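S.K.: Pulled from TrEMBL, these are the listed features:
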type	residues	note
ACT_SITE	A:C111	active site
ACT_SITE	A:H146	active site
ACT_SITE	A:S163	active site
COMPBIAS	A:279-293	compositional bias 'Basic and acidic residues'
REGION	A:243-307	region 'Disordered'
Amino acid sequence: PFFVNRGGLPVDEPTWERMWRHVGRIHPEGERVAQRIRGAADLPKIPIPSVPAFQPSTPIPERLEAVQRYIRELQYNHTGTQFFEVKKSRPLTGLMDLAKEMTKEALPIKCLEAVILGIYLTNNMTTLDRFPISFKTHFSGNYFRHIVLGVNFGGRYGALGISRREELMYKAPVFRTLSELIFDFEEAYRRCWHTLKKVKLGHCVSHDPHSVEQIEWKHSILDLDKLTREDFRKELERHARDMRLKIGKGTGPSSPTKDRKKDVSSPQRSQASPHRRNSRGDRRPSGEKKPADSKAMPDLNGYQIRV
Amino acid sequence: MEPSGAGRKEKPKAREPAARLEKAKQKSAQTELKQRQRAEIYALNRVMTELEQQQFDSFCKQMQGSGE
């Protein structure tokens, strides 16, 4: 199950109790975990991390490292309950308010929250482009979803984010092409026995924290089952070109492709490039699993490598 | 002649500090609750992170043992 705290902070009683019940069900020690922690008088005091601040002369790569260290310091949320509700369709300004709350409350987060936070903490880096990268992978009969914040600085690609797996989050901005970055993630997935199935690439996010634009999460949807390796690479580079065009002209057109569908989105997106897909869209929210009909790996105590 | 609103003005003024005090108490209680919850969340997260790491390490060993 995938629990989200929708009532703000402090966590309300039903959500709080649900969190502990869930822990009791999944931890081998069951309810003893809750008994040890709830009401304990000697819990360690966890300092609230300071939001990174930079001198104007601090190079962007160094700032990205500091932002990533901050995100990491909040910790990946393994509790089973997500503490901040992220509605992906909210205007950017609303998501930035949420990010500010995250820095104030300083609680463990998951990948989507880290993307919102990454945008917030890099808004003042106007020479840095940010765009969401979503992954859908397959492992042992189930599908898994993950998201990071792609970055492009001076033509070099990297990523910010948080994951259970070290190799599926921060990437220094050293990759010469978007393809190289994505292939690096693909290889990292392979090392933890996940097969990459789909990549969804968003467009560049505005640096204006008060913008009422929505984040475009899936400008390009790439289904690896339907693409040759070379076509996959070409589509990634096409997306990279689209991003460069849009930045250069303000609202530039996309590169031509035979598979383009018309933009049928809401009026707010009238200036955005149309969706490009080479397979049907998949609109399940982040974090959910869908069972797949494929050969399962040997049952190793039912453990699923989540990312 | 007394001002018409003189009697009425007394009561709201007396209520204001009491209402402010109550509000401050509520805010303080909320802050304390948040701090307490935060401490418990991080303590729980530590336990669950260790569990996840143990399970992952164990799984990796099994995979490597079975020759993948």
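Every residue gets a Cβ built from N, Cα and C, even glycine.
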S.K.: Based on DSSP, name the secondary structure state of A:C111 (active site): helix, strand or coil.
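M.R.: In three-state terms, A:C111 (active site) counts as helix.
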S.K.: Count the other Cβ atoms sitting within 10 Å of the Cβ of A:S163 (active site), across every protein chain shown.
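M.R.: For A:S163 (active site), the count of other Cβ atoms within 10 Å is 20.
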